[in-house]
Amino acid sequence: MIGTAWSAVGWHRLTLMDERPAQALPRWHTQPILGYFVVSMFLPLLTWGLPALAVLPVLALLRALDAPMILTEIAALPAGVMAIWLSLRLSPVQVSRAVQNPVHIAEAFRRTARMSRPLWGVALLGGLFLGALIKSQMLVTPLLTDAEGYYLSDTVMFLDGTFLWATFILFFLVTISIFNTIYRHMAPDTEPAENR
Amino acid sequence: MQADITITAMGVIREALTQIARNRRWLLPIMGVIWLLQLPSFFSAENFIPQDAMELMGLPPGAASLIPAVIVMLSVYIGTA
């Protein structure tokens, strides 16, 4: 997780501050990396926790009725999109830690208010993208395992893990780049109150 | 920093992808070593490290034996894949 935060901070600082990495690694900045790490641990409790709480009774009901999996997925989709939208609206909290110009939760929500509608679109596309990545993983794994769920060989197992790793890197890179874009376009702090 | 109220969903995505394309030569130093080191975390220890083979070679799992085992195993995988 610290490695992921270090990598993310390096990318944010490169694109927003034009800070070039060192020879083989991003530059180490203790305060921004630890701040980013802590925020990344706790922010999802809010951004994913609230939509999860909202959808839990529906999922419990569907489970009690022994509903097919597809119905559960359809019911979970709005909550997933809502969670991604909230994550995007509050992403300046994370990015601002990387560039050492802290923005707090309420402030991030206020300063991204004018991007609310396009961010619903990004959240929907993001949800579909995330769903496609998860589905691709779910489709690949059964091809590599036998009837009892064991991998066909060590090499196949290694390749499956590597595929998961590459998928995660792609998701990580696109996500932090979208976060940068939102940070660039959010309203300035000095904006008059009547325009907020 | 100017607020942009005209940006669209596709605009956000396009700008993010452009950002990746523009900075692609920095991807390796920013992500390469860190993510290579994180690769083992995508496997369980039993799956990633062939512990049965290590024991056969007289290398009980431990910090000192895991590091060369990972290097050897990666070399084998890369060499035979």
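Positions of Cβ are set from backbone N, Cα and C atoms, glycine also.
What TrEMBL records for this protein:
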{"type": "TRANSMEM", "residues": "A:33-62", "note": "transmembrane segment"}
{"type": "TRANSMEM", "residues": "A:68-88", "note": "transmembrane segment"}
{"type": "TRANSMEM", "residues": "A:119-143", "note": "transmembrane segment"}
{"type": "TRANSMEM", "residues": "A:163-183", "note": "transmembrane segment"}
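Counting same-chain residues at least six beyond the ends of the transmembrane segment (A:33-62), those with a Cβ under 8 angstroms from any Cβ of the stretch are 1-2, 4-6, 8-9, 71-72, 75-76, 78-80, 82-83, 86-87, 90, 93-94, 97-98, 102, 105.
If one looks beyond the transmembrane segment (A:68-88) by at least 6 residues along the same chain, the residues whose Cβ comes under 8 Å of a Cβ in the stretch are 43-44, 46-48, 50-52, 54-55, 58-59, 62, 112, 119-120, 122-124, 126-127, 130-131, 178-179, 182.
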